[in-house]
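The structure appears right after this line, and notes come after that.
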Amino acid sequence: MVGFKATDVPPTATVKFLGAGTAACIADLITFPLDTAKVRLQIQGERQGPMQAAASAQYRGVLGTILTMVRTEGPRSLYSGLVAGLQRQMSFASVRIGLYDSVKQFYTKGSEHAGIGSRLLAGSTTGALAVAVAQPTDVVKVRFQAQARAGAGRRYQSTVEAYKTIAREEGFRGLWKGTSPNVARNAIVNCAELVTYDLIKDTLLKAHLMTDDLPCHFTSAFGAGFCTTVIASPVDVVKTRYMNSALGQYSSAGHCALTMLQKEGPQAFYKGFMPSFLRLGSWNVVMFVTYEQLKRALMAARASREAPF
């Protein structure tokens, strides 16, 4: 057995809720530079045609993007928007991941045998609900990560200022910009991520290929990360472009997607795929492994507290 041993008592909803948020924050701390590189690649060339964009591309590849940012903006630029990112994960992952099992049990009426339909429904529900809670933090995070593209001056100087400026200049709706594509994205991401993780893990355990410990969690998380990136990349690119856009640049998320297709072609929807996969794959591994261990550690601590002397 590698890591904390599974406890006889299943983790409570509170343990899952807090564990998911904490694990997601740890994963974000480790993988945030990859997410920033992904955002820069996704918004690159959005106001140019495909030929002009290719000729004038500032960022080329994951490593090239990171090195260019470090050289031109300094190492701290890789973590621009981290505060909003951690705020987002604590509120976002707690809901979409921490409540997944509870919602799944609700849809199956407490049965331990959940079909794919129930899992997909639970993933869609918690993914959409999480967006409703955390959308403003996502808007601020994306804008901080992208703001070097906005010109010589920085768009926002601090996280608090960003919230205030967006609310003042764009109204309440500005903080919820991109909610529609984000709901779609996170319903898809949650289904792909959590359901794939669930299914891979169940298959490995039922086939006795692995035991319920770190190697199993690592393999399941990595597979889930790849599947999620393939499925969710097009919606993710539209979400990033739309949330980062200036007031009036796009009339809707659909208009943003149509403009991308007309100006840059279908390949634009997979811009930043490699950093997306590297980020989501590594994020999934760190998050799920940490989450599984946190659940066990918290339940073990609770059991030791309640044990008689």
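Every residue gets a Cβ built from N, Cα and C, even glycine.
Here Swiss-Prot flags 1-16 (among others) as topological domain 'Mitochondrial intermembrane'.
Marked as repeat 'Solcar 1' by Swiss-Prot: 11-106.
What Swiss-Prot records for 16-63 (among others) is region 'Important for interaction with long-chain fatty acids'. Across all of the region 'Important for interaction with long-chain fatty acids' (16-63), the predicted model scores a mean pLDDT of 78.
Feature annotation from Swiss-Prot assigns topological domain 'Mitochondrial matrix' to 41-77 (among others).
Under the heading topological domain 'Mitochondrial intermembrane', Swiss-Prot lists 104-119 (among others), citing a curator's inference as support. Outside the topological domain 'Mitochondrial intermembrane' (104-119) by six or more residues, the chain places 191, 194-195, 198-199 with a CB less than 8 A from a CB of the stretch.
Residues annotated as repeat 'Solcar 2' in Swiss-Prot, with sequence analysis given as evidence: 114-203. Note: the repeat 'Solcar 2' (114-203) comprises 76 helix, 0 strand, 14 coil (DSSP; helix = H, G, I, strand = E, B).
For K141 (site 'Important for inhibition by GDP'), the same-chain residues 6+ apart in sequence whose C-beta sits under 8 angstroms from its C-beta are G81, A84, G85, R88. Marked as site 'Important for inhibition by GDP' by Swiss-Prot on the basis of similarity to another entry: K141 (among others).
According to Swiss-Prot, the topological domain 'Mitochondrial matrix' annotation covers 146-173 (among others), on the basis of a curator's inference.
What Swiss-Prot records for R185 (among others) is site 'Important for inhibition by GDP'.
Marked as topological domain 'Mitochondrial intermembrane' by Swiss-Prot: 200-217 (among others).
Sorting the repeat 'Solcar 3' (212-297) by DSSP state (H, G, I as helix; E, B as strand; all else coil) yields 73 helix, 0 strand, 13 coil. Look at Swiss-Prot and you will find 212-297 tagged as repeat 'Solcar 3', backed by sequence analysis.
Residues or ranges marked as topological domain 'Mitochondrial matrix' by Swiss-Prot: 243-268 (among others).
Annotation comment: Swiss-Prot describes 278-285 (among others) as region 'Important for interaction with long-chain fatty acids'. Counting residues 6+ beyond its ends, the region 'Important for interaction with long-chain fatty acids' (278-285) has Cβ neighbours under 8 Å at 27-28, 30-31, 34-35, 37-38, 62, 193, 197, 218, 221-222, 224-226, 228-229 in the same chain.
Positions annotated as topological domain 'Mitochondrial intermembrane' by Swiss-Prot: 295-309 (among others).
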Inside 10 Å of the Cβ of R185 (site 'Important for inhibition by GDP'), count up the other Cβ atoms and send me the figure.
24
Secondary structure content of the repeat 'Solcar 1' (11-106), with strand meaning DSSP E or B:
76 helix, 0 strand, 20 coil
